[in-house]
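> Shown below is the structure under consideration.
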Amino acid sequence: MSTSKLVEIPEPLAASYARAFGEEGQAWIAALPALVEELLDRWELTADGASASGEASLVLPVLRTDGTRAVLKLQLPREETSAAITGLRTWNGHGVVRLLDHDPRSSTMLLERLDASRTLASVEDDDAAMGVLAGLLARLVSVPAPRGLRGLGDIAGAMLEEVPRAVAALADPADRRLLNDWASAVAELVGEPGDRMLHWDLHYGNVLAAEREPWLAIDPEPLAGDPGFDLWPALDSRWDDIVAQRDVVRVVRRRFDLLTEVLGLDRARAAGWTYGRLLQNALWDIEDGSAALDPAAVTLAQALRGH
């Protein structure tokens, strides 16, 4: 099968790259078939199915010469991609997908193949699913961050500098007060940002069924920081479902209790850094033109307040 047949670029991925990176993104998309062909040859891989795409990457299932099933993951080289390679090399497969090889020039990763058809969201019992996620996260954040990884202290400091402009952009006085409250929580913690290696995006959809372990994490965007900053994606998992069940406060508090217990976190610090994630998300939304806080973020913050 020709490379051009294997590498069918999904239109949403091409459009996303054109929108985010302009001509650079379009050129990267156009060069993908040739890059895949080069890497298949260099690493002696055989394509084992059609390509698929994530939010920012193209994934191609392959076989190594010894029959090992793997995937090529290709995405535009950037800081987050380099951080992911650093994190995966440091974790070395402990609780996370294993990095088998990588190409420094293109930032392409050769990863062990997991079962992309079965995420942790398939586990209906929320306590069971959150227990799995908490166990994986505890393993990941037990590892000290290597030198050179982007740090939460710098990220949080930059966030605080943006707050006055962001507050002015909000239409509702209640939203302004809440954004300032989140910023105050971060300001109290920014002097001790932590030194653990964080995943940054560990939710149910980023945990896949595997062979060497029942479940493994995927798609890290590592940074050095306090594990409390890593809780929000887990708390937000299956959000529409828990809203539909009209049980948001109980589920959020139950998840928070489980996560902080398994990770051994100080609850006040964990809540403060979770407000930091809500602040980060809000700043991005406001930068994109929003004049109101996300109702889901407001609801989650209310569930944590006083708990």
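Backbone N, Cα and C atoms are what each Cβ position is placed from, and that goes for glycine too.
Feature table excerpt (Swiss-Prot):
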{"type": "BINDING", "residues": "Leu133, Ala134, Gly135, Leu136, Leu137, Ala138, Arg139, Leu140, Val141, Ser142, Val143, Pro144, Ala145", "note": "streptomycin binding site"}
{"type": "ACT_SITE", "residues": "Asp201", "note": "active site, proton acceptor"}
> Determine the Cβ neighbour count for Val143 (streptomycin binding site): the number of other Cβ atoms within 10 Å of its Cβ.
17
> Rounded to a whole angstrom, what is the C-alpha distance between Leu137 (streptomycin binding site) and the residue listed as 'active site, proton acceptor'?
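Taking the Cα atoms only, Leu137 (streptomycin binding site) lies 10 Å from the residue listed as 'active site, proton acceptor'.
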> Would you count the other CB atoms within 10 A of the CB of Gly135 (streptomycin binding site), including those on all shown protein chains?
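Result for Gly135 (streptomycin binding site): 14 other Cβ atoms within 10 Å.
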> Express the distance between the Cα positions of Leu133 (streptomycin binding site) and Asp201 (active site, proton acceptor) as a whole number of Å.
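Distance (Cα to Cα, whole Å): 11 Å.
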> Sort Asp201 (active site, proton acceptor) into helix, strand or coil using the DSSP assignment.
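Coil, per DSSP.
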> Could you state, as a whole number of Å, the largest distance between Cα atoms of any two of Leu133, Ala134, Gly135, Leu136, Leu137, Ala138, Arg139, Leu140, Val141, Ser142, Val143, Pro144, Ala145, the listed streptomycin binders?
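Answer in Å: the longest Cα-Cα distance is 20.
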